[in-house]
Amino acid sequence: MDHRLTALRFCIALMFLFCMANSSLADEERKSYIVHMDKSAKPAAFSNHHNWYTSTLSSLSSTDGIAATHLYTYNHVLHGFSAVLSKSQLEQIQSMPGHIATYPETFGHLHTTRTPQFLGLKKNAGLWPAAKFGDDMIIGILDTGIWPESESFKDHGMPPVPERWRGACEIGTIFNTSNCNKKLIGARSFSKGLKQAGLTIGSDDYDSPRDYFGHGSHTSSTAAGSHVVGAEYFGYAKGIATGMAPRARLAMYKVVFSNDTLETAASDTLAGMDQAIEDGVDLMSLSLGFGFDPFFHNPISLGAFAAVEKGIFVACSAANSGPDAYTIMNGAPWITTVGAGTLDRDYAALVTLGKGISTIKGKSVYPENLYISGVPLYYGHGDKNKKYCNSKSLDPKEVTGKIVFCEFNKDSSIAFQRTELNRTGAAGAIITTNSTQSLSPYVFTFPFVAISLSDGEKVKQYFAKTIQPTVDITFQITVLDAKPAPQVAKFSSRGPDIQSPWILKPDIFAPGVDVLAAWSPNDPFTVAKENQLRSDYILLSGTSMSSPHLVGIAALLKSAHRDWSPAAIRSAMMTTADVTDNTNGVILDIATGKPGTPLDYGAGHVNPNKALDPGLIYDIEAEDYINYLCAINYTRREIAAITRRSDCTCEKATLDLNYPSFMVILNNTDATSSTFNRVLTNVVDSKAVYKATVWAPSSMKVSVEPSLLTFEGKYSKAEFSVHVNVDLRGYGMQKSYLGNYGYLSWYEINGKHVVRSPIVSAYALGKSTS
């Protein structure tokens, strides 16, 4: 009996030990984790953080006897490491000094860097395959140079350089002929004018086509960068970077150098454009400007006229002086002037108030994968300086280690508030703003989140109701399919053009906010707390980014339609541009939150696939531009400076260019009328009939004669006239100088084509606004 009892007890003990073993195995299930550590907590005994992390991992105990496995040490994207840990090892890590947060490994899926997808470009349908991805097109970029080692400028799989190319790869400082290839087929620099003016090239820049500043690499890769997998900006916008015309060739003409002013000499710019024409480029893009000089005195308008005469398409940035009217640059009618808009991609951080009381999504591009959990929230309510985080108003003793909430201050920039916070020892900040879209990655050198004014009210309500308010913040969130998009960027310069208000400018707008593209990794782009950070790809905003988008799309169109003139390419893009966003609502102006107008966005947002098949185009020849110059009262000498001709008679002077838009200027009056004559050309291989349809407000009366156009075949033409009567008496004038606007659309009968043009009235510059 005793023997049987002993055996039973032994079996029970075995069963207990087996269950305990299974329980331990379950507890010791191993997973990958990313561990955030406080960089400043590193013990002095360790020479570097990697040694500290690996030593910490080796000291962890485990019931299964399996040591923790180190994966990566992170020096830039975050402070910390990743490792495979058991549950008990994870708990030990979490209890150690210097630990900030740990979260499990997550898995994502490939995403594009967005602008090709946002613009509807697809590998197997539409403009990309029809244009063979821009094959054989040569794009000249005038900018700050190029970083040839970037993956965006690799030539894998590209055919030989076109035989017609006459360019060269210049030898200079840290640059030689071997830096060029079948993608980057030419690179030159122009600095004689700069040097002669006493502006020496900065010690950090290169007296060669090599890019120190990064801007030229960014614009070049946006226009025609090769396919690059794994591009990202410190964890944001991860995906595949591709230029608009990935099979096109690039030629860099460096005309901007780092010096005290980061300026370019007009003589150097003209020399660069002249050389580009000589070398045989098909298109040019210039993301720079020379103020509001008359066309005959502006090097870009001069060079562009010569280029367009030779069939070279020229796109230029509209400038970044918005949202005021009459701030457009590069507005010559032979230049395609490009404004900037947002993408359907945004960058965010999640703010959680307390224990999940409320979660707010704000804007942040803070370049570290920082996780903030249960940190006290500070709000200087009751003190107008503290609540706005004004200069030297915050007491470090009150805010050190806390998240500071700052109210919107119309008299102070977020960059200024950030500087104030950075000196206090605050752990981070939540700042309210009236426009999160306008924030540049440059300002995110301190861990803060920008939230809307309405979300700011939620924070204030939470603070008022809570004795010990706390907050969690999760950074590095990329939001896709953001709505509404596109919107007109606040900084994008607005029309009309000072020198030429009788032509609607900008012509069109394209992506220009938080665009991911190549950069020069030689110099830090941003700072996170005290750490200088470099990157091969960065997010950048400006009309500088929209112009290369447009020129890349123009390269695709020129590749698909070799016989199209620069004016025909522009017409195709303008008459097929979108005037609604991705919610099917009207395109909004970020500056006001209200519907934008053609003075903000021109004909609309570029739609590459529609532009491939526009149905009809408005074409313009060099003589037409000369007649226009005569009509704006340029002298024969001034016209000769632009056209290089001395035989202009001005017998056919007219303001009525065959442009894809209609502009009425109200000069010291609230009512006027204008008549426009236009010629449309059929670019489809078939007979077609079109009917005119007008949408206009009650203050604008529009008649079209004839209202029916018949085209007998490809390249056949048809003339029509448009009479516009504008009467704004009793309506009051808008501060944007806008009078009113409508649209003329030609609908193909029993066909698919719609050819749309804006009709806009605006007050002349100088008339007082209400």
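Just so you know, the numbers here start at 1 and follow the chain as drawn.
Using the three backbone atoms N, Cα and C, a Cβ is placed for every residue, glycine included.
Automatic prediction, not curation, is the source of TrEMBL annotations.
Among the features that TrEMBL reports, signal peptide is placed at 1-26. Per TrEMBL, domain 'Inhibitor I9' is recorded for 32-111. Residues annotated as domain 'Peptidase S8/S53' in TrEMBL: 134-583. What TrEMBL records for Asp143, His215, Ser544 is active site, charge relay system. As annotated by TrEMBL, domain 'Subtilisin-like protease fibronectin type-III' applies to 656-760.
Annotated pair His215 (active site, charge relay system) and Asp143 (active site, charge relay system), C-alpha to C-alpha distance, rounded: 7 Å. The Cβ neighbour count for His215 (active site, charge relay system), using a 10 Å radius over every protein chain in view, is 22. Across all of the domain 'Inhibitor I9' (32-111), the predicted model scores a mean pLDDT of 78. Here the CA atom of Ser544 (active site, charge relay system) lies 10 Å from the CA atom of Asp143 (active site, charge relay system).
Using a 10 Å Cβ-Cβ cutoff, Asp143 (active site, charge relay system) registers 27 neighbours.
Long-range Cβ contacts of Ser544 (active site, charge relay system) within its own chain (separation 6+, distance under 8 Å): His215, His218, Thr219, Ser287, Leu288, Ser317, Asn320, Gly512.
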